[in-house]
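> So TrEMBL has the following annotated:
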ACT_SITE  B:GLU102  active site
BINDING   B:ASP11, B:ASP101  Mg(2+) binding site
DOMAIN    B:7-183  domain 'UmuC'
REGION    B:228-250  region 'Disordered'
Amino acid sequence: MKFRIDRDALADAVAWTARSLPTRPTVPVLAGLMVESTDGGIALSGFDYETSARSTVDADVADEGRALVSGRLLADICKSLPGRPVDVSVDGTKVSVVCGSSRFSLQTMPVEDYPQLPAMPTASGTVSSDDFATAVAQAVAAAGRDDVLQLLTGVRIELEGSRISLLATDRFRASLRELTWFPESPDASATAVVPAKTLSDIAKSFTAGGELTMAVATGDQGPGLIGFEGSTASGTRRTTTRMLEGEFPKVRQLFAANALTVAYVDRQELIDAVRRVSLVAERNTPVRLTFSDGQVLLESGSGDDAQAQETLEARVDGDDIVVGFNPTFLLEGLQVMTEPAVHLSFTQASRPATLAGVQELGGEPNTSFRYLIMPMRLPG
Amino acid sequence: MNGEATILHADLDSFFASVEQRDDPSLRGRPVLVGGGVVVAASYEAKAYGVRTPMGIVEAKSLCPGAVVASPRFEAYSAASKAVFEVFRDTTPLVDPISIDEAFLEVGGLARLVGSPESIGARLRERVRDEVGLPITVGVARTKFLAKVASAYAKPDGLLVVPVDGERAFLHPLPVERMWGVGVKTATKLRARGIEHIGDLAVVPPHALSAYVGRAAAYHLHALANGRDPRPVQTGTRRRSVGAQRALGRRHKTMEEIDSALAGLVDRVARRMRKAEREGRTITLRLRFDDFERATRSHTLPRPTARTERLLLVARSLLDVAEPMIRDRGCTLVGVSVSGFDPQAGVQLELPFGEPDTATLDLALDDVRERFGSAAVLRGSLVRRGEGFAMPTLPD
């Protein structure tokens, strides 16, 4: 193996591919990054049996071949190389990396021990990578973080015709994000539950613009696989990850309730006020919100200890309502919205409340992202 | 802190075995082992042969061939414990229970009314002997720690007062194993450094000690060895965990058997938590291997719960993680406890997903068991084996 390659293209591709390598691999070769040179370019791949990553980059290839080297080390080296073309070659059991007057020699690992990467499933359709990244960042806000309830650490992706729905819940709150895409076939229909953290990392790593191809393969045996593929100026990137198995809670049906009270509040003002008021809230105690004519009163703390109050201007249509929320749940939802105001709809103080972004007080809410919070029971 | 020796540590001697000897005169004066596959209690006559708890019955019998084995009768122990605690509470209102067979009593305020701590201790022993029929040992000292060490020293059926000016003379010649929190492992480490007696421990600066026992333990041991123990006798402190355990005997167990025993324990713990209106976040799995070594594994949930289904899910995932250890080393006891109670915590409601409502199921099962006894409803997997002995516990 021997090739010459652009320094930035190499550094970007190595960083992207090495990103998902395990820090504490179960077997040593999984800490490795496979470097393969073929006619016209190179391919880099990494795999931890859950997630695979593979990128291709244009290069001047003198000799075809492949080698397995420490991914972290190669990433650190490439990041710090000077801005000159890089020459990479295999010499016995070493890989040499030469850039300007810098020279590195890396130990190789046995190529034959390296597992076969899963094949990319057949493409299901394409979506704008920026839209997808925004949507995923919103949807994951409600995902569970406790690994014991593994299924709830996932985001359910529903592909139905030209609509993608992303759903997540940790049992206390839920999110539903919808966006449009371009399916390969107009009657496309598939679902997948993907670990929220993995999905979020993947979505963020494809934000260089352009189209993202998504591919879902339901497993006949064992868990299914979902793949993503995008292109960069000098090559392609693709990643696959295993789906989570199990019956995901029926999140969508909860968003249907008819509101008895609707309130509009400036989003940033509400975030700031919740932050301030919750300073005196003990862990796992609620912030109490009282919605009445033209205002919302926020209170927290108990009579015995510290207390805090703040009033914000609000537009309130319908019955007055008093409701308690875990301040963290409320903040995490408000923070991923993008509109200047928030639309809150309630039925009862013991039923879920739905939040959505809105351009102005009294306007039509943007229902492409909705965030549901189950209240806390208020004492007394 | 109190400057006088007014704390009593009262500890029943070989509690379960003494109850058996009390109720069956033919057992008196003879070595008695209480237990099924494992000895849970041994009379002093049996302990004289080297029997320790826990130990397999077979091994205990080989050490002490004349021993009589009695099956545990936990209802009798619960009743005896209740009667003893009534005597405690009749002695002083300041009773700090540690377990079903021991407690700290503060008798400082009673000097003028009733008498000196020593005479109160002697009177307490007489009353437990006369009214409940059990031997009890009492240690009297200025601190909880010294009182406990004194009662351990005075066992069986004894009374020992450590006078304030005699604390060092009493404590310092004792071997380090007598320290609270110093087990075989720590003792071995300390002895390897020439620290054999509590007096040796008292002169090692805590920062030097922390190199081999950990920082927190070092300061703690140093303070205790120098007679400093500021913990007062407290009444009415609610317990910080709820747990249950079950000895499984020495024969080989499949993972399914361990799992069903665990499920039965979780049922019991969850029911007790609901009864005491507590919700906890941390679930701890306790295991004892064939060689009687122990291990624990725990997990903390983001939100507290008292639901059987949730607690069981966590307990099972902890058991899954421990499976390789169990395969290697066997399992003679499984236990589960829940801690991380936060009485301030508000109740976070859950989204109504329309799943089967396990909270209602829990309440219905609690009702049935309250009315018809805990064996009235059992998990299918426990029908043949039974739910095991319910170790008596202090009220939650």
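Backbone N, Cα and C atoms are what each Cβ position is placed from, and that goes for glycine too.
Because the structure is a prediction, the values reported are computed rather than measured.
Help me picture where these features are in the structure shown.
DSSP assigns B:GLU102 (active site) to a strand in the three-state reduction.
Around the Cβ of B:ASP11 (Mg(2+) binding site), a 10 Å sphere holds 23 further Cβ atoms from the protein chains shown.
Beyond the region 'Disordered' (B:228-250), the same-chain residues lying 6 or more positions past its ends with a Cβ under 8 Å from any Cβ of the stretch are 1-2, 7, 35-38, 40, 54, 56, 58, 93-96, 104-106, 143-146, 257-258, 261, 264-265, 268-269, 272-273, 276, 278, 280, 284, 286, 290, 331-339, 341, 343, 388-391, 393-394, 396.
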> By a simple count of other Cβ atoms within 10 Å, which of B:ASP101, B:GLU102, the recorded positions in the record, is least packed?
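Relative to the other recorded positions in B:ASP101, B:GLU102, B:GLU102 has the fewest Cβ atoms within 10 Å.
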> How long is the line from the C-alpha of B:ASP11 (Mg(2+) binding site) to the C-alpha of B:GLU102 (active site), rounded to the nearest angstrom?
4
> Any idea what DSSP makes of B:ASP11 (Mg(2+) binding site), helix, strand or coil?
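In the DSSP reduction, B:ASP11 (Mg(2+) binding site) maps to strand.
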